[in-house]
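Structure, as structure tokens:
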């Protein structure tokens, strides 16, 4: 389970869907996330601890209903766990810093990695590269 609090963003500040996704390994409804159609340049961070996770230039429209990226900012930004729930095998992704649940990674993404990091908007915040504005997912 993800850590309940962090110095930058205590879990008590999370709304219901953000808490469900990040702390209870939940999934937001497809096509419902605030950051799904975001096309601005910047950095996507973990909502719970503000750790950088993905650059906007690795984001693409996979058509799956959740923000999709083909690579994280670094190898240690993401923690990978086997997930055998729902009678299938998947690879869960969590924040490498605070262990918040982010989503799953699949081997059907574009080059150069061939991976699709399928991430819940509710687990992310976005920092605009032009003006520094932050948007919580």
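Cβ coordinates are placed from backbone N, Cα and C, and glycine is handled just like the others.
Swiss-Prot has this to say about the protein:
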DOMAIN    7-129  domain 'MsrB'
BINDING   46, 49, 95, 98  Zn(2+) binding site
ACT_SITE  118  active site, nucleophile
Rounded to a whole number of Å, the separation of the Cα atoms of residue 46 (Zn(2+) binding site) and residue 118 (active site, nucleophile) comes to 14
Pick the one among the recorded positions 46, 49, 95, 98, 118 whose Cβ has the fewest other Cβ atoms within 10 Å in this structure. 49
Residue distribution over DSSP helix, strand and coil in the domain 'MsrB' (7-129): 24 helix, 40 strand, 59 coil
Between residue 95 (Zn(2+) binding site) and the residue listed as 'active site, nucleophile', how far is it from one CA atom to the other, in Å? 13
Using Cα coordinates, what distance in whole Å links residue 98 (Zn(2+) binding site) and residue 118 (active site, nucleophile)? 19
Over the domain 'MsrB' (7-129), what is the model's average pLDDT? 94
For residue 118 (active site, nucleophile) and residue 49 (Zn(2+) binding site), the CA-to-CA distance in whole Å is 19
